[in-house]
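Per Swiss-Prot, the features are:
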type: SIGNAL; residues: 1-21; note: signal peptide
type: DISULFID; residues: CYS24-CYS66; note: disulfide bond
type: CARBOHYD; residues: ASN33; note: N-linked glycosylation site
type: CARBOHYD; residues: ASN43; note: N-linked glycosylation site
type: DISULFID; residues: CYS49-CYS75; note: disulfide bond
type: DISULFID; residues: CYS51-CYS77; note: disulfide bond
type: REGION; residues: 82-108; note: region 'Disordered'
type: DISULFID; residues: CYS120-CYS163; note: disulfide bond
type: DISULFID; residues: CYS147-CYS179; note: disulfide bond
type: REGION; residues: 191-215; note: region 'Disordered'
type: TOPO_DOM; residues: 257-267; note: topological domain 'Cytoplasmic'
Amino acid sequence: MEPHLLMLGFLSFTIVPGCWAELCLYDPPEVPNATFKALSYKNGTILNCECKRGFRRLNELVYMACLGNSWSNNCQCTSNSHDNSREQVTPQPEGQKEQQTTDTQKSTQSVYQENLAGHCREPPPWRHEDTKRIYHFVEGQIVLYTCIQGYKALQRGPAISICKTVCGEIRWTHPQLTCVDEKEHHQFLASEESQGSRNSFPESEASCPTPNTDFSQLTEATTTMETFVFTKEYQVAVASCIFLLLSILLLSGFTWQHRWRKSRRTI
């Protein structure tokens with residue numbers, strides 16, 4: 001069974017055999033002068049089959065997915081030109097193919113024998129692959145950040161980012177890492193030591209709005225609305241009473257005038 005990608009409104013899901021994984025809609029956060037890398041990929045992760053310029057995907061293989069401990073499909077690129085005889089690989093005998101596949105599998109198993117259940121290692125490169133790989137991570141994925149050459153790390157916490165549910169939505173946590181020039185490292189280090197851990201606090205507590213604030217705002221709005229409604233109803237009631245009183249007085253006046261004229265005619 002092949003994995004499929006399902007887009008439903010603003011939510012993205014990956015459907016793989018025996019797995020329903022929600023995708024992280026955004027890429028991991030960028031840290032200046034640092035790069036990130038996943039040491040392993042969770043079950044359901046998707047990698048686009050991208051080819052470098054002048055080449056295209058072969059057999060319409062759009063992506064490969066992490067299923068269990070291995071990647072489904074194999075990305076292949078072929079030349080866009082009609083004369084691509086040099087890019088064609090001479091077919092090998094079936095026995096030689098099987099032997100080569102077996103050797104490759106043994107080599108892969110020996111290197112990645114510590115694979116975690118439900119995780120895949122970095123997929124092997126393919127010919128004419130694009131320089132940048134585009135992954136679609138799933139919830140629970142962890143990426144590790146490292147400073148580029150010429151920079152050193154200043155960190156108050158783990159230099160990792162995790163795709164997880166925060167405040168009811170899936171997002172990446174921000175890595176506690178700052179990369180500074182090696183020549184200025186000692187200056188920043190002294191500043192960091194003076195600050196200590198004053199600014200360190202869990203992201204879940206810092207990012208989520210306080211429920212009490214929303215409740216107080218809602219209560220205030222409700223009270224204001226009730227006051228407005230009460231004032232308007234009061235004005236309507238007063239106006240109705242005045243109108244009724246004037247009607248009674250006017251009716252009484254007409255009645256008295258009618259009786260007075262009648263009594264005068266009798267006399």
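Cβ coordinates are placed from backbone N, Cα and C, and glycine is handled just like the others.
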**Request:** Can you figure out which of CYS24, ASN33, CYS77, CYS147, CYS179 (the recorded positions) comes closest in space to CYS163 (disulfide bond), comparing Cα atoms?
**Result:** CYS24
**Asked** Which residues of the same chain, at least 6 past either end of the topological domain 'Cytoplasmic' (257-267), have a Cβ under 8 Å from a Cβ in it?
**Response** none
**Asked** How many Å separate the Cα atoms of CYS49 (disulfide bond) and CYS179 (disulfide bond)?
**Response** 32
**Fill in**
Once DSSP output is merged into helix, strand and coil, CYS24 (disulfide bond) belongs to coil
**Request:** Provide the three-state DSSP residue tally for the topological domain 'Cytoplasmic' (257-267): helix first, then strand, then coil.
**Result:** 10 helix, 0 strand, 1 coil
**Local Cβ density at CYS120 (disulfide bond) - other Cβ atoms counted within 10 Å** = 25
